[in-house]
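The block underneath contains the structure these notes are about, expressed in structure tokens.
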Amino acid sequence: MQKSLITTPIYYVNDIPHIGHAYTTLIADTLKKYYTLQGEEVFFLTGTDEHGQKIEQSARLRNQSPKAYADSISAIFKNQWDFFNLDYDGFIRTTDSEHQKCVQNAFEIMFEKGDIYKGTYSGYYCVSCESYCAVSKVDNTDSKVLCPDCLRETTLLEEESYFFKLSAYEKPLLEFYAKNPEAILPIYRKNEVTSFIEQGLLDLSITRTSFEWGIPLPKKMNDPKHVVYVWLDALLNYASALGYLNGLDNKMAHFERARHIVGKDILRFHAIYWPAFLMSLNLPLFKQLCVHGWWTIEGVKMSKSLGNVLDAQKLAMEYGIEELRYFLLREVPFGQDGDFSKKALVERINANLNNDLGNLLNRLLGMAKKYFNYSLKSTKITAYYPKELEKAHQILDNANSFVPKMQLHKALEELFNIYDFLNKLIAKEEPWVLHKNNESEKLEALLSLIANTLLQSSFLLYAFMPKSAMKLASAFRVEITPNNYERFFKAKKLQDMVLQDTEPLFSKIEKIEKIEKIEKIEKIEKGEEALAEKAEKKEKEKAPPTQENYISIEDFKKVEIKVGLIKEAQRIEKSNKLLRLKVDLGENRLRQIISGIALDYEPESLVGQMVCVVANLKPAKLMGEMSEGMILAVRDNDNLALISPTREKIAGSLIS
């Protein structure tokens with residue numbers, strides 16, 4: 001049996017879990033169930049990261065010891081995953097003695113190999129990210145030095161430190177990613193990583209003396225003032241939990257096929273530091289690093305100061321665990337940022353779950369009972385519905401193919417296309433008419449086709465919505481097991497069936513208006529409504545345009561707006577807002593345009609996008625870079641969106 005490892009990041013215990021943590025962990029649980037059903041022996045690992053300066057500070061504010069504080073928050077994470085019925089095999093804490101032993105032994109190995117040396121570090125330290133920022137990449141704003149990753153203020157520090165020779169692994173890392181093009185998904189994230197490596201890697205500070213709450217160095221180092229840097233400590237959890245260098249039950253056979261699920265904010269640590277550490281320790285590198293985006297709340301980034309951080313457990317208690325799983329995994333393409341709203345959640349529940357799937361099963365059970373006393377033979381399906389059977393199998397196979405590519409939203413979209421297809425087939429064939437016309441053989445073939453297809457679909461649905469899938473399969477007296485997966489889903493074997501009633505899969509949520517009223521009350525409580533009314537009042541007070549505000553058609557014609565195709569996109573050093581774009585305007589060269597959209601768009605996501613460009617704007621220098629045009633965009637409150645043609649156009653096409 002093939003062994004594999006699926007991990008979440010270990011979650012930092014400076015705060016309680018929110019919907020972002022739940023999203024990551026639900027993805028991992030989905031993959032665990034998917035690959036287990038296919039016969040793999042999967043080890044699903046999660047846990048908590050409990051060392052570092054932030055934990056020390058948070059504990060001090062609460063008059064607790066760091067360990068007592070970590071105990072309380074770690075328990076909240078574990079309880080939440082138990083509430084969601086997540087099928088994890090290991091829950092690791094970096095305060096576990098076995099983990100400490102692994103980290104100290106790994107440190108010794110790397111030191112003896114010559115990959116760790118002692119020196120002095122001077123630089124801008126970000127407490128939030130627990131890392132130093134390269135001086136060339138910090139953002140100097142109003143005499144404050146901001147972290148390029150989180151934009152928080154940094155502190156200039158100088159301290160003695162041990163360093164890991166990260167620079168020695170530039171070439172091996174690039175070779176690894178060249179040989180393994182799908183090692184990071186989505187692929188544009190891999191391009192982002194290799195671009196970063198190609199700029200040159202600095203050796204990495206891996207110990208601290210400025211705080212005490214961390215794993216001490218091995219005793220033989222005889223250097224008690226140092227503790228291990230949080231990222232070396234944290235990343236080694238993926239190995240320590242499997243018994244590496246610590247005497248625990250050895251499960252390292254799982255390690256060779258590791259899939260790490262991470263958010264885009266910790267991509268660099270997992271895609272550069274982690275494989276370099278593994279190379280130093282002569283351990284196999286991961287199979288895949290799966291990188292997801294962030295969740296916003298109704299267009300606004302989650303923030304404690306705004307009071308819009310969502311508790312996934314409370315949402316699940318209100319709308320259902322399975323329903324929330326479906327929404328989070330279906331609503332947004334994996335890798336991209338997604339926006340959460342209760343209204344969208346309710347619409348998904350009512351339309352997709354209750355209407356498309358729930359009502360379909362109810363209709364089938366009702367007709368099977370009425371016309372055949374629940375007993376359906378499959379012998380005539382191929383005689384009456386060969387094309388429909390082939391199409392159903394094709395849709396299911398397509399849905400299944402998206403999961404290994406980490407296109408989970410497409411897998412669910414295609415899976416629910418099956419239910420749409422079957423509902424339309426019922427409407428087209430009108431089984432009540434077949435019954436009226438005494439075409440019982442054809443009617444039985446139709447209902448048996450629907451029953452067999454629903455049963456087959458339950459084996460793919462299981463990964464995403466396990467309880468609903470088991471309930472669906474129970475209507476056909478079948479259990480969800482690896483053996484039955486082979487028989488019903490993989491082999492697509494048609495079955496004679498005796499159906500049975502089951503409790504409804506889902507319940508419709510009534511009165512969306514009521515939800516909107518609740519949300520309005522919540523907004524008023526947060527003061528958002530008052531701000532909106534103030535802005536609206538200000539807008540109304542604006543005077544209508546006078547004749548002096550108008551421009552003539554001749555003036556407008558002076559502005560040359562063209563369709564542009566973005567060919568390249570890069571960040572500009574020392575700026576957290578500007579991107580350097582190379583744009584095709586149908587000329588014999590690419591135009592360089594400097595655009596202030598870096599806070600809203602990742603560079604890699606822009607390549608290949610059509611945009612609208614003011615092409616005859618006078619060239620100007622921004623941050624020492626020449627800009628030969630302007631990309632048009634629209635801003636709504638804090639959200640910025642590029643203006644693009646609704647259909648593909650030839651680069652250089654004039655907009656009029």
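From the backbone N, Cα and C atoms, a Cβ is placed for every residue, glycine too.
The following features are taken from Swiss-Prot:
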MOTIF     11-21  motif ''HIGH' region'
BINDING   Cys126, Cys129, Cys147, Cys150  Zn(2+) binding site
MOTIF     301-305  motif ''KMSKS' region'
BINDING   Lys304  ATP binding site
DOMAIN    555-656  domain 'tRNA-binding'
Counting only residues 6 or more past its boundaries, what in the same chain has a CB within less than 8 Å of a CB in the motif ''HIGH' region' (11-21)?
46-50, 52, 54-55, 58, 69-70, 73-74, 76-77, 80, 263, 294-295, 302, 304, 309-313, 315, 328, 340
For the motif ''HIGH' region' (11-21), the number of residues DSSP places in helix, strand and coil
3 helix, 2 strand, 6 coil
Let me know how many other Cβ atoms fall within 10 Å of the Cβ of Cys126 (Zn(2+) binding site).
22
Counting other CB atoms within 10 A of each CB, which of the binding-site residues Cys147, Cys150 comes out lowest?
Cys150
Taking the Cβ of Cys129 (Zn(2+) binding site) as the centre, count every other Cβ atom within 10 Å, in any protein chain shown.
20
